[in-house]
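Quick look at what Swiss-Prot lists:
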REPEAT    4-70  repeat 'BIR 1'
REPEAT    90-157  repeat 'BIR 2'
BINDING   C127, C130, H147, C154  Zn(2+) binding site
DOMAIN    193-283  domain 'CARD'
ZN_FING   311-346  zinc finger
Amino acid sequence: MNTEKDRLLTFQMWPLTFLSPADLAKAGFYYIGPGDRVACFACGGKLSNWEPKDDAMTEHLRHFPNCPFLGNQLQDSSRYTVSNLSMQTYAARFKTFCNWPSSIPVHPEQLASAGFYYMGHSDDVKCFCCDGGLRCWESGDDPWVEHAKWFPRCEYLIRIKGQEFISRVQASYPHLLEQLLSTSDNPEDENAEPPNDLSLIRKNRMALFQHLTCVLPILDSLLIARVISEQEHDVIKQKTQTSLQARELIDIILVKGNYAATIFKNSLQEIDPMLYKHLFVQQDIKYIPTENVSDLSMEEQLRRLQEERTCKVCMDKEVSIVFIPCGHLVVCKDCAPSLRKCPICRGTIKGTVRTFLS
């Protein structure tokens, strides 16, 4: 029974439809009966009374954590790149869940088995291998499915669950990456903001990128009002193109909040009365798409998202975290954990994807 193929052959009389023989065989089990009783070829552990939400690998880990087969499968990181070596074992990951909120409907055993460890606040978890982060867990969520849904290239996931499982999950969400790369500035699941200055700037963010040309005087006004620091001022001023300065300016205003929006509004009224009128009075400023972004490769779309490399929170380190599901890439890995909502669109952050593009 040392091979997965041999174990799979024992399931010809397997009685359950909700748990596949392939998953059980991959987790080290072969069928012995009666009923739904299976045994591990390596540790001899026996399990039965399976339920619809059970995952074979998770249950194997939970009941027989010292199984040598699991040790070989889960702890040998020599074949794939690991983001956090200290969390490469199931035991290490499981220990991080000692203060896991009891109100969260997903169990630590499931999360640790799927490669996640607890970050210590709210319900934030991160994969030890791909560094993908998830939060906002709901009843019925399967950690393996969510792992495959958002981080299909994770090498740990591929090794443990197999490409067939990942492809099946991805096929259930055919437009997921397009959604992630659409970078919507108006998340549908958020309560509408009152129509104030900040919300108008947020709503017309992309249009302002195109139409705003008087960046430096507004930047100086923000510095004089002590809304931004000299470092933040200089980072934006040093951009070589006005369009790049405009992007940075608008995004830092969205991060700083209402007072920054008020300074922007007052400065714009003096410096560019026509743009002020279209944005704040008539509210008819238009964004003109210059090209069909969907025609670009996924990698090129990410490269363009990463064009502005400075984190909009610390204005120091490079951006490296894409928020799920809004797709905005505006913060570094150190600033991301403290944020619950995207500073650009105010959408709830349900997960993070780390980018490594040069």
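Cβ coordinates are placed from backbone N, Cα and C, and glycine is handled just like the others.
Locations of recorded Swiss-Prot features on the structure.
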{"residue": "C127", "record": "Zn(2+) binding site", "CB count, 10 Å": "27"}
{"residue": "C130", "record": "Zn(2+) binding site", "CB count, 10 Å": "24"}
{"residue": "H147", "record": "Zn(2+) binding site", "CB count, 10 Å": "26"}
{"residue": "C154", "record": "Zn(2+) binding site", "CB count, 10 Å": "25"}
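Other than the site residues C127, C130, H147, C154, same-chain residues with C-beta atoms no more than 8 angstroms from the centre of those residues' C-beta atoms, the Zn(2+) site, are G115, C129, D131, G132, F151, Y156, L157. Helix first, then strand, then coil: DSSP counts for the repeat 'BIR 1' (4-70) stand at 23 helix, 8 strand, 36 coil.
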